[in-house]
Amino acid sequence: MTHKIIAYFQNIQRKDILFYGGIGIFLFLLLFILGLQFSYTITSSYFNLNKSAIDKNIAIVALDEETLNSHKFKRYQDIDRCDHANLLRNILYGDPKIVVVDMVFYQKGENEACDNELKDILQKNPNVIVGVEYDETRKTLHTDIFWEEWRSKNIALVNTTSYNSLNVFNFHLADYKNRVKIYDARKNPILPLAIEAYKQARGFKEAVLTETDIVFDGREKIPLDEGEFVNINFFTSSYPTVSFIDILENPNRSRMFEWKTVFIGATAQDIHDEFLTPFDTSNFIPGVMIHANLYNTLMTKRFIEYENIPTFFLVNFLAILLFTAILVWTVSIFSWVFYSFLVVVGYTAFSLLAFRYFGMIIEIFPLIVAYIFVSLAIYLKKYLEEKHSKDQVRAIFSRYISEDVANELIKQGVENMHLGGAEREVTVFFSDLAGFTDLSESLKPDELGRILNVYFEEMSSIILAEKGTIDKFIGDAIMAFWNAPLDLPRHANNACTAA
């Protein structure tokens, strides 16, 4: 097969190079546009494999439309620090393992007593983790209402900026999130909410950043992407949820939180704490659900990794070489369809297995599109070459055999023509001009040539019309035969009719 591939590329001419170059540029642009638009839709199907790993010990307390439309509150600003303190008190009554507050309280409230009440609950309950914002420009935390010594206790980062890798298409989208960032260099790292919750849930005391990992107590690791990001695996867009107002007014309902990790956050659309994710590229997911998915990722150790640009192009280059080899090797459309099916199904299965067992997200869509266009390009070239070859054969044979016979030979193919010779019954025809010798002596060569041309043209038309095959011209004579190379049942009659 190797020599076929080498011969195939050796036969490519300059015009073919221009043709393939144009196809290549068009293919690259098309892959880029279509891949950017559709690859996440295909990638999102991977996350369906995670349904069996959804953490049943995660619960959400949602600041939802029901809360904002309740008799107690009419808008988000109506919820004060006393309400948050009472909510936390009620949740803690249910004895949860960890409580994660996806909200920030760095500005002082209108009621100092409520601020103090909230701080008192946080101080007495280290299993409550509250969000703070990090100023990337100033490299400082917004913790104005908290005392300085509290900084290293139960606080964690709420990332208000979206960070995304977009796989091989490395762009920044304001509302797309598939990873979180780790700040504060490598000493005393400030962890995102979900990672801090994981640290406390597992009972770790210390987190240290290396070039490739977050290391807890020197033994357990979380892999880093690009040295400062943690990729989020997604399991669901909605964990079991109860309304903020429901828990606030019904403390007894908090019993459902026993030894669970409870995330408190906004799901109401008016608060605008929502993002697009690889799990669903067309619908926004509340930020609190994203934190819960990251926590689920860490607890199940289902870490994921995206292809980088060099890996993407290397895999696609090697795969396209394989596709080209398959296409050059196949000779029939049936074989092409069969091998195409195997390639697409095999590569899809490989990518699903890579995600399920190795956490690697491999782009499927660009490679499938590449295969389709490489196939079309090669088969278009094969079709044009075959058509050109048939036209040449038809032009050559039409001088000696009828058009019908020529078409039948092309249709049957060379392998059916028995070029090694065969015994069969044929009718042979000879025809010459009476008195040609005397005539040729009396005419000039050009005059004799014109007469022979007219004679041969008329006779050839008659022979070919009767489906004969002209063997040769001998001076003024014509030799023809019937019933070869194709069968002609009444070949003798055809020969006599021509005579």
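Indices start at 1 and increase along the chain as displayed.
Here the Cβ of each residue, glycine as well, is placed from N, Cα and C on the backbone.
Regional average pLDDT for the domain 'Guanylate cyclase' (427-499) in the model is 82. Per TrEMBL, domain 'Guanylate cyclase' is recorded for 427-499.
Under the heading transmembrane segment, TrEMBL lists 17-40 (among others).
The transmembrane segment annotation in TrEMBL covers 309-329 (among others).
Per TrEMBL, the feature transmembrane segment maps to 336-355 (among others).
The annotation transmembrane segment is assigned in TrEMBL to 361-380 (among others).
Here the transmembrane segment (336-355) has Cβ contacts under 8 Å with residues 46, 49, 304, 319, 322-323, 326-327, 330, 361-362, 364, 367-368, 371, 375, 379 of the same chain, all six or more residues outside its ends. When the domain 'Guanylate cyclase' (427-499) is classified with DSSP, helix, strand and coil residues number 36 helix, 17 strand, 20 coil.
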